[in-house]
Structures are given as structure tokens and as C-alpha cells.
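Taken from TrEMBL as is:
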REGION    B:1-20  region 'Disordered'
COMPBIAS  B:1-11  compositional bias 'Polar residues'
TRANSMEM  B:49-73  transmembrane segment
DOMAIN    B:124-326  domain 'ABC transmembrane type-1'
TRANSMEM  B:128-152  transmembrane segment
TRANSMEM  B:173-191  transmembrane segment
TRANSMEM  B:197-219  transmembrane segment
TRANSMEM  B:305-325  transmembrane segment
Amino acid sequence: MLRFLVRRVLGAIVILLLISAVTYFLFFALPADPAALSCGKNCNPQTLALIRKNLGLDEPVPVQYWQYMIGIFLGRNMTIGHCSAPCFGYSFASQQPVWSTLMNRYPTTVTLAAMGALIFLVIGVGLGLISAARQGTAFDKIASAVSLTGQSVQIYFIGPLAIYLFADTLGWLSRGHDPDWTHDPVGSITGMILPAMVMSVIFWSNYSRQTRSLMVEQLSEDHVRTARAKGMTSRYVFMRYALRGAMGPIITIFGMDLSSVFGGAIITEYTFGLHGLGQLAVSAVTQTDLPLEMGVMLFGAAAIVIANIIVDACYAVIDPRIRLS
Amino acid sequence: MSSSTQATAGNDQIPEGPSADTAAVPLEIIGRSPRQLAWLRFKRDRTGVICAGIVGAFILIAIFAPLICALYGKNPYTLYGQNDNLLNSYGMPIKPNGGIDSNHWFGIEPGLGRDIFALLMYGIRTSLGISLCVTILSVALGVLVGLIQGYVGRKTDYFLGRLTDLMMSFPQQLFFIAFTPVVIALFVKPTEQEPTYIRFFALVLVQFFLGWMSVSRLVRSQVLSLREREFVEAAQLTGASTWRIVSKELLPNIGSTILVQTTLLLPVNVTTEAGLSYLGVGMQDPTPDWGLMFQKAAEYYQSDITYMFFPGIAMLIFVVAFNLLGDSVRDALDPKTIR
């Protein structure tokens, strides 16, 4: 297990380094002048020269990248002042260190993504399990219709409708607000219910369909039939034998979906006016705040890669064959 | 799913077809190509045919949007609400239900007062145009990379495979958001006014950059198994050129995969493009765009929820129809798959 984890972590580090390099070079090495880009529409030569100096744009791009990476691991001295260890530079717009902005914003996105994932796993897998147990019944058909519709709606369509219906008209749920885990843990959860529910809808169908077909497949396996023949109850066979076989592929699908979950979180944050990483990315782009964009990109990529390792580790725990290969 | 049961039912009926024919016309067995069989299966699948009709209607709307709007007598740029005093002092439509009447079928937009029907027709045109370009380019590159990986193999396969892995681990949505302005800045100086086609081009390029990997993986795995098959070995033995093997032996066999992947990719690309415009980094006003309609509607949903329903339900119908069509196409092309 340890060897497996070490191998995965090393691979992840390589991937992250490559992503950072590609992103950096795309941002800063394209013929478009990043200084002019960050300067915006009302730009004068003084600010342009200042930005160029602050960014170190007089250096060749590989040197700039090297300094950037040194900054992330060791910290670096910048024109604004010293920037300690995880240094992603300073935001053009707010002059704040990028790292502290990221630290302020990430709890919202993580809470939203985690709650959303929990909800869609419970609902999706649950619908799939019941459909598999009651194949061909009305429930099966309704569940597949519901999840098909869920897959086809868009967060930016149902989000405002959900706020209008559940928050403004019925008043059942909060319109959604940023979590504050240290001061208000209960409010952090209740404030996220509506956004997380809305985000989860688009993921239901994939999981319910996959779970259903995997369970149907598992239920016709020999070991399941043997278990039935030994006289075990159907419920026990269903939950202990068939479900365990179906879990592995579902976890793999979940790992592949993490990036989409993050993408869904961006649109959900924007729709519900939450201040997370997605909303930060959008505002960084509209303000052409390059260091902030770069920081969010890398942070997001790292989060997805780390989450993927955790998912792989879970898979290895459930299915020992993975560890040995 | 109902469509899968229909498809298996259709599959069972296939062998009866020729036997019924031979009963009517003795001594003559009708040979059908796999393509004809697939077409027959597809025609029997009522859901698939209806969805194909809906998808076709959307494509016709995209192509003929100017004609439709000319017949309707409105265009998506004129501020009807302001010119004809259809908005109150808060910028909301005076008539109930978002200002729907015989003149403006889907009502008028709050604020600017443009005609929603005309906006939607042109919006579908923009979004579908971008997504179609993205899909065609992604599938083409995906097939190319997959073929090279699968057929050449060895180190080429390894390096292209790692490249695919790298591209897949990019946070997609973030990448699209961050790089659309960068690509635009490539062509337009920040001080200049950018032409609309540059933005169109930038959106296509950015989405295409991260759009081809799923296709290339599928094609690679199919080619890997196909090239071990006897007919490919036979072609190699007879001295067929690589081009001939690829175009005559491999491509026809992965054709169905490519078709199914295309029908699955297109709605995803449409919703991604609309999402980018919704976030404010895609197409910009006054260019009509499906996603921009959502952005506008989200601003006014508390006072005028009607606006939201037109782009929303249109997109829901479009995506549902496309997904069901994809399922039907898959069932028709490969009846063995049981979902």
C-alpha cells in the first residue's frame, strides 16, 4: 500500500510541475504582452513600466518560471516586499498576496464540492441500487427519466429557479452563503444545502445509470448465485456481495468526475453569489489579474490531483488487485 | 431504460426480416450491409427518430435564424422595449408574463427591451456554431492521435499517452475561463476594439485544446484490438500501404464509435460554451448568445422569471434530445451493448 501511494504521489508531482510549466508559459510566453494585458484599457507608460518590473518581465521566460517556482517553495523578495514560503506573487487588482486570498476562498469551494459530491453519490447510487433491485417496475422507469432530465439541465438554469422557489417564495432554505466553520458550523452547512443540491443534480444520472447496470451485471455473477444457493437472504447478498463488486468502478468514475465537480462548483458559486475559488477565477479574469489567475489555476489543479490520489487510495483499499499491479 | 429494451427487441426482430422476405420471394435472400441493418434498427426506435427530428429542428434554426427572424419581423439588436414604450420605469416589461403578446411571442428582455424570440434564434445559432466547430475539430484530432497511438504503438504511444494524461489533468473549466482572454489578447491589442469573430475563434480554440482526449483514448483502445485481428494482418501480408490499412480496414470499423462520441460531445460543448458566456468570459453583448441569455435572465429572475424559461427549456429539450439520440445511435450501431 505504501509503495502504491509513493508511486502515485511521485506521478502527481510530475503532473503538477508540468501543468505549472504549461500554464506559466502559455500565460507569459505568448506574444501578447502580459504587462499590457494586466494594464487594461486605461494604461499609461508609467504603470506599464512598473508592472513590467514587478513581474520581472525583463528576464527570459524560463528564468521567470524558475523564480516563480522558487517563490512557491522557498519564498522570494519582490518589489512590494518579501513574500514568504508558498509565494504565488501579489494580485494586481488588490495588491494582496495571492496565497492569502486563496486561503480565504478555498473553504467555500471545498465545502460546496464535498457536500455536492456526498449528495449526488447518495442520491445517484441510491436510485441506481433501488432500480437494480426493482428492474422493470414503475420506479425503475421514473428513476431513469428523472436522472436523464437531471443530467440535461444546467446549473445556470435551475440555480435561479431554485433560489426563487425554495428561498424566496417558500422560504425553506437559505439562499446560500459562504461557510464560516470556526464561528458558525451549523450555518455553514445549512447555507450550503441549496447550492450543493443544485450542483448535485447534473451528476445523478451518470451514477444511477452506472450503478444500475453494474449491479445488474454483478447479480448474474456466479459467486452471487452461489451465495443465494447457500440460502443467504436476498438483502444480504445484494448489499454484501453484489454491491461490493459494483463499488470499484463507481469509485473510478467518481475520480474521473472530480474535475467536472470543480467546474460545476465554479458555475454554482457564480450563480449563488458565493465567494469561492471559482468566483475568484472569474473576477481575476475579468480584471486581467494574471498572478491571481495563475494561483487559482495551480491551486485548482493541485486540489484535483490530490483528491484523485485519495480516490485511488480508497479504490486500492476496496480492491486489493490494484495494489499488486 | 425503455430505449434499450426497444433496441434489444429490435435486435430480435432482425433475423425475422429476411425470413419473412424469403417466404414472400422464395429462393432469394436479401443481403443487407451493416449500415443498412443499423438504419433499419434506428428507424424502428421511435424515441430515436423523434429526437433526431428535434435535433434537426435545432440545427435548422441555427442555419436559418436570419430567415426565421425576417419572417417573424424582428431582429435581435433593436431595443423594441425602449422604442415602443413596453418597459416601465424600472426597465421591467409592462405586460404580464415578461411582456408576451402577439407581437413579441416570447416577451421582451427586461432592461434593454430586445425581442426574446429573435435573441433565442440567433443565440442558438452562435452557440451551436461554436460547439459544432469545437466538436468537429476535437473529434478529428482525437481520431488522428488515437490512430497514431494505436497503430504505431511503442514509444509514440507512450509519449502521446502521457500527453493525453497531462491534458486530462488540467482543471478544464478554470482553463477555459483563464485562457479565453489570453487567446484573444494574442490577436487583438488591449486598447483596440475586438471584432466578434476573434472571440468566436478564441472560444473554439480554447475548448478544442482540451476537448480531444476522450476521443483519442477510445480510438486508441479500439485500434489496439483491431490491429491484432486477422483481416488487418491479411491486409499487411498482401502488402497494403499504411494509408490503405488505416482508411479501408481500421477507420470503417471505428466509424460507429466516432459517430456516437460526436453525438455525446456536441451537447457537452454547447453547455460548456453557454456556461462560459454565462460567466462573462465567452461571447459578449450585443452578440446574441444562448449563455448570455442566462446571464441576463439571472440578473432579473426575481422580478421577471419568465425570461429564464425560454432559453432554459430550449436548452433542456436540446440536451435531452441529443442524449437520447446518442443512446439510440449506439443501440442501432451496436445492438450487443446492454446498458
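Backbone N, Cα and C define each Cβ position, glycine as well.
Annotations in TrEMBL come from automatic prediction, not curation.
Counting C-beta pairs under 8 angstroms (sequence separation of 6 or more), the transmembrane segment (B:197-219) reaches the transmembrane segment (B:128-152) with 3 or more such pairs.
Per-stretch counts of Cβ pairs under 8 Å to the transmembrane segment (B:128-152) identify B:49-73 as the leading one among B:49-73, B:173-191, B:305-325. Within the chain carrying the transmembrane segment (B:173-191), a Cβ under 8 angstroms from the stretch's Cβ atoms is held by residues 198-199, 201-203, 205-207, 209-210, 272, 275-276, 279, 281-282, all 6 or more beyond its ends.
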